[in-house]
Each structure stands twice: as structure tokens, then as C-alpha cells.
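Enquirer: What TrEMBL shows for this protein is this:
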- B:39-58: DNA-binding region (DNA_BIND)
- B:16-76: domain 'HTH tetR-type' (DOMAIN)
2 protein chains.
Amino acid sequence: MDTKTTPSKRTGGRSAAVIHNVRTAVEELVEEKGQDRVTVPMIAERAGVNPTSIYRRWGDLPTLINDIATYQLDPARPLPENGDLQRDLTAWASELVEHYRNPVNAALLRGGASAAGERQSNCLRNRRTEAGLILQRYPDSPVTDDDILDVVVAPIIYRVIFVPWTLEDTTAEHLVERLFR
Amino acid sequence: MDTKTTPSKRTGGRSAAVIHNVRTAVEELVEEKGQDRVTVPMIAERAGVNPTSIYRRWGDLPTLINDIATYQLDPARPLPENGDLQRDLTAWASELVEHYRNPVNAALLRGGASAAGERQSNCLRNRRTEAGLILQRYPDSPVTDDDILDVVVAPIIYRVIFVPWTLEDTTAEHLVERLFR
């Protein structure tokens, strides 16, 4: 199952172009039509690929949406590095908030949510990995990656899904402050 | 919009029977077929009502699913009352965890999540109201309803949607402990 949802393993040439075109098609179509009205044939046409290529690579539409929602936040981007754990986490959480204040990204996350529950989503796994990478630099940290997921990531994702209008410039900062109280 | 999604205002006689039958039909069908394969005509047939009655009352399927997911946790049920805020909140959060450990309720929440984002979901509003009602009994409480939503409810809902297998008997207790640390 998981190999299907990590197309980043083959990023060269034609394969990378297909992923890029399909991703762009999904983003455009979700923005234009709303996620409920997007179908695989529609995505295939816009991306200029055969629907069977999409089914072969992703399996089904919910998996594709979940996958796209993940890769929007590039897992290979550099993580904040300010020499201070609280500042690093605030910068990192702010990126997350900014990303999901874009309505397309929020809609994709909601789509991912409806398809989630049977296996760890890539999105969640990437956030946990990133939290772990930041923590590694601070071996005396009083907080764990579980704390970061519960106190910072969960309230952000909860807001994105259910009350996106409550995401503010200071949300990330306030949540990270709570972690160090 | 909101009046459509609060059918509890008319709970007598035929109307109550329709709501009950539709709700039961949705639960059964989600369990049998998975939420993605459930349609309004299917629900209408199982509930013995006309599809137009469903569209008139709920508008569309995502709104119906969101509504059902809400009413699963009876908003009129008595709230825990142990004379101690931490114990009350632990009991209340444990109810929430127990409720969502039922895979049908979790699937309905995921469906509600995919339909959310444009208005406050009833589910969320009910939880916030309940947190407020419990807090009213403890005027000297050091915590606010926002704290309860962020520190207790958000991590539970996040787990339900993305990592349901991490919900444990002690999850509610641990989250509420963090609130009082």
C-alpha cells in the first residue's frame, strides 16, 4: 500500500513530469470546482495523462488527494534553525499555519481526512518526522515529539478542518508558548 | 443554513420518526458499505422515506452526514458532575474517546470533516458548549474553554481522524492532566 503513495521514490524524467502535472491538475480543479466535483477522468484530461496511469500509481481518488495534500509542503525543504528550540518550533508551526490558510490546501486536507483512518497518512508522518528532526538538535529538550503533535499540530489541523477562520498570525506562536509553560 | 441542520427543534411525532429512521439508515449503510458508497437514494430507501424529504431537510449528503455525526453524542445527555473540575473533564473526554472508538462514529466524523470548513459544525459547537457548561460550575477555574478545545478536544479529534488506533483507555486522562500541569 505505502509504496503506491510515495511516488517521490521515482522523481526522474517522465515519472516526475506525470506527478507534477497530476498534482497541478488536482490543485486547479479543486479550486475551480470544489473537491466534491473532481473526478479521476477530469484530472487525467487536465494533466494530459491516461486515467489508468493515475489508477495504477495512486489506486483511487481519495488516496491521490491524500497524497497531493502531503506533497504540498515539500518534505525536502530546509527546517528552521535558529539555535533555540522554541523559536524553531514557532517558525515551523507558522509555516504550517500559513500553508493551510490557503483554501486549496485546506480543502485538500479535508479530502485527506475523509480518506484517512486505515493507515498513517503521509502528511502526519512527515510532520512527526520533522518534529523529531528539530528535537534532535536539542538533546536536553523538555518536550517530546508526542507533545509537539498534541499541543501544536493537532490544534492547528483541528482549526484547518473545522474552523479555518480562527487561524491567525499569532496562532502558531501561542500554541508553541503553551508547550513551554 | 443552520436551521436546516438542527432538526432537533421538531422532535415530535412523524418528524422525529423520520429523523430516527434516516439516522439509523445512515449508520447501517456506512457500516455495511463504507461511507464513500452511500448515496441519498440508498438512505431514503432504507429509511422508507422519499429522497426529496431528505434533500428538503438536510440539503445534501455531506450536510446530512455532518448532522448525523453530531447527534450521535446526544447533546441532551447529563454531563459528568463529580465536584472536581479535573475529574469532570476526564469523564467527559473519556465519553468522547469511547464514542469515537466505534468505527462507525469515526467514519461519520471523517465524512463531517470533508464537508466542514464553511460554517461552525454542530459537533464542534456542542463540544464547546459542554466545556462551557462544565466550567460554569467552577468559577475559579484556571482553564478556559479555548484551553479545553486546544489541549483536550483537538488531540482527540486529530487521533480519531488520522490515527484512530492510538486512542487508548488512558488517552482522555493524560490529555486532561496536561491541561492542569
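Please read every residue number as a count from 1 along the shown chain.
Cβ from N, Cα, C; glycine included.
Each of these features: where is it, how hidden is it, and who are its neighbours?
Expert: Computed over the DNA-binding region (B:39-58), the whole-number mean pLDDT of the model equals 94.
Residue counts for the domain 'HTH tetR-type' (B:16-76) under DSSP, split into helix (H, G, I), strand (E, B) and coil, are 48 helix, 0 strand, 13 coil.
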